[in-house]
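Trainee: Just lifted these from TrEMBL, have a look:
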| type | residues | note |
| --- | --- | --- |
| BINDING | GLN148, ILE149, ASN150, ARG151, THR185 | FAD binding site |
| DOMAIN | 4-264 | domain 'HpaB/PvcC/4-BUDH N-terminal' |
| DOMAIN | 283-460 | domain 'HpaB/PvcC/4-BUDH C-terminal' |
Amino acid sequence: MSLFIESLKDGRNVWLNGKRIDITEDTNFRGTLTTIESLFSQLTNPKLQPLIGYFDDDLQQWVHKAFYLPRNITELQERRTAFEAWAKDTNGMMSRLSDYARSRVAGWYANREAYRELDPHFPGKIEAYYHIAKRENRFIAIVQRDPQINRSANEYYNTKKLGLLRITKKTNEGVYINGAKMIGTSAPYAHDIIVYPLAPLDEAKKDLAHMLIVPANAKGLHMVCRESFAEASQVEHSLSAQYDEMDAVLIFDDVFVPWERVLLHDNPIALAQLKVDSISNSLAYHQAIVRLQTKLSFMAAVANAMAHVIGADGYLHVQEKLGELIIQIRTIEGLIIAAEQNGKLEKDIYIPDFNYIQTARVLGTKYYPNAVEIIQLIGAGGLIQLPSSMADLSGQISQLTQQYYKGKNATAEERTKLFKLAWDLIGSPFGSRHELYERFYSGDPMLQTADMWRKYDKKEWTRQLAPFWKNC
Ligand SMILES: Cc1cc2nc3c(=O)[nH]c(=O)nc-3n(C[C@H](O)[C@H](O)[C@H](O)COP(=O)(O)OP(=O)(O)OC[C@H]3O[C@@H](n4cnc5c(N)ncnc54)[C@H](O)[C@@H]3O)c2cc1C
């Protein structure tokens, strides 16, 4: 068994289909863990090391570039190249390979002194964790949202009733926590899980204002997986077979967290600042939009191939739809470049401009569903005109199926393989989960969009309107 997979044999409580499972042995995790293992092992491959990692002089070892703190635009672009490499290896289908969470940790570490006044212990704790995570190549997941029990505003802070995560006991050694969080993408095979609330909290709710790092094998932590979408066959379900990032609800049943991993407690002000920390946010979401661009490009490649195979690419409206996909790719690409070019030095770290990053991120919540729709509109019934198995193309009935399953520009095998890929991408449970993911992974898109208006510098609007109207 390989190193990464071996490291997950640590007594963690992962639940699937009513049973506590060993994910290193369970077939539902095989494809995903094999993919992650192959990506993580690139750090030991002399040819790939410089692409995805950097040599850390203090540690005297190669570490992943998500831990890298760029000092100028060239170093920021090198970081981007590392993210692109993993995104391309997985066609953007794996969003939580830890590069996002590691970037967050790196950003908080870089900006740690800004929090000393709010909590004198925070800088030392995040510094220690940053170095451990880097040295041990730790896989990190982040989970923030509370379980969806009752979202009506007046009920929201009834912590016990709603299962909101809270500290229930403090000792000299650490704290005990109870409650639940959703959704922990990749948590079942992470080493550590960073836990903090997404909801804004004020002083009156300070008993919920914590940031903790919990090892995935902590006693009392139960990770309840959603239904697995992993498929065994790489031929019939090429994406589901390799890239099913598992999501789980995390239940903390009297979980002990030592003080050195309680980054913050009872501190809504520090927590609010950490959540919008400019270095952490910019570095982490830079990774997210780089991955998005690769994924949109993959969607366009599939749509284009489908149109070609069935001879639909001659129609103007199909060309228009394909052009729309290209506009989406170029827009995100342009925003990545704009973010990098308009970056600035903050605490000696060169960070990309968050305004462009946020624009790309919010656009992604619309672009991805739009790409799904375009694949549906181009593929149409062909997405269902698929044999249950590739075997139908070579078995007894093959003489007939070979004739009726072919495309204008493809054999029956070629057309079927491509359309099965497209169905896996947009129609399978795996594909539907991806659409939901892109809409929601970084919060409610409605709030994100409204937030752009709230934070926009409106001085120029006032100046433009001044000759006509002076009300604002
Ligand atoms: C596939 C997937 C993977 C994810 N992975 C992660 C992860 O790894 N880590 C993580 O932390 N989170 C993850 N998330 C969760 C994500 O953060 C949430 O889905 C997102 O923040 C939206 O919250 P919610 O799902 O609780 O929706 P809700 O907040 O329950 O929203 C439900 C509906 O109610 C409306 N609503 C709710 N509250 C309000 C309000 N106050 N005002 C107006 N309207 C309201 C919403 O607009 C929406 O229409 C993931 C989500 C998905 C779908």
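Just so it is clear, glycine is given a Cβ too, placed from its N, Cα and C backbone atoms.
Walk me through the surroundings of each of these features.
Mentor: ILE149 (FAD binding site) falls outside any helix or strand according to DSSP and counts as coil.
Confidence annotation: the domain 'HpaB/PvcC/4-BUDH N-terminal' (4-264) carries a mean pLDDT of 94 in the model.
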Trainee: Rounded to a whole angstrom, what is the largest C-alpha distance between any two of the residues GLN148, ILE149, ASN150, ARG151, THR185 that the record assigns to FAD?
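Mentor: In whole numbers, the farthest two Cα atoms are 22 Å apart.
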Trainee: Can you tell which of the binding-site residues (GLN148, THR185) has the fewest other C-beta atoms within 10 angstroms of its C-beta?
Mentor: GLN148
Trainee: Less than 6 Å between Cβ and the nearest atom of ligand 1 is the rule; apply it to the binding-site residues ILE149, ASN150, ARG151, THR185.
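Mentor: From ILE149, ASN150, ARG151, THR185, counting a Cβ under 6 Å from ligand 1 as near, the near ones are ARG151, THR185.
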